[in-house]
Amino acid sequence: MTDYLLLLVGTVLVNNFVLVQFLGLCPFMGVSSRTETAIGMSFATVFVMTLASLLSYLVTTYLLVPLNLEYLTTMSFILVIAVVVQFTEMVVHKTSASLYRLLGIFLPLITTNCAVLGVALLNLRLQHGFFESIIYGFGAALGFSLVLIMFSAMREKLANADVPAPFKGTAIAMITAGLMSLAFLGFTGLVKI
């Protein structure tokens, strides 16, 4: 049980997918201008990453390895992610039309979020078991969500701040992301995974 908790904390804080491994930067910059959009994207990403990690493990263990089709790993993971995203899009459309409109193009873009594919491939490379794969995917999604929501709150504050003209917009956002990354470096050594 302690190993699972350490894996979760390590994935969320120490090896954060956005600030340490630099995966998922496109949605990180694209969806972070408003906090409500970031929260919606976070829920969708948590669901997709966790489910994609689970299904990728099952596809690898019960389909690709027994049939000696390991060379199709990346392609099969992309297919699994696309199916999970389509399912998520249908669920969000049925349950919350306002969130569906708010997320707009960003929901289908989860398919191309390299963090989702990165989680599946890292699960395979790190030889995680069933529960470890789920926890790793969930932790990566929680870390992504934490950083995305924090960053969106900071960007909303910066929109109302007196920022010099050359730094307005993307420039100050990149500086802020860099400072967040430095702050997360403080967690290095907290957990060895």
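Counting starts with 1 at the first residue shown.
Positions of Cβ are set from backbone N, Cα and C atoms, glycine also.
Over in Swiss-Prot, the protein carries these features:
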- 5-25: transmembrane segment (TRANSMEM)
- 39-59: transmembrane segment (TRANSMEM)
- 72-92: transmembrane segment (TRANSMEM)
- 102-122: transmembrane segment (TRANSMEM)
- 134-154: transmembrane segment (TRANSMEM)
- 171-191: transmembrane segment (TRANSMEM)
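Across 5-25, 39-59, 134-154, 171-191, stretch 39-59 shows the highest tally of CB pairs under 8 A with the transmembrane segment (102-122).
Contact check: the transmembrane segment (171-191) against the transmembrane segment (39-59) gives fewer than three Cβ pairs closer than 8 Å, residues 6 or more apart, which falls short of the contact criterion. Sequence-distant contacts of the transmembrane segment (5-25), counting only residues of its own chain at least 6 positions beyond either end whose CB sits under 8 Å from a CB of the stretch, comprise 113-116, 118-119, 132, 135-136, 138-140, 142-144, 146-148, 177, 180-181, 184-185, 187-193.
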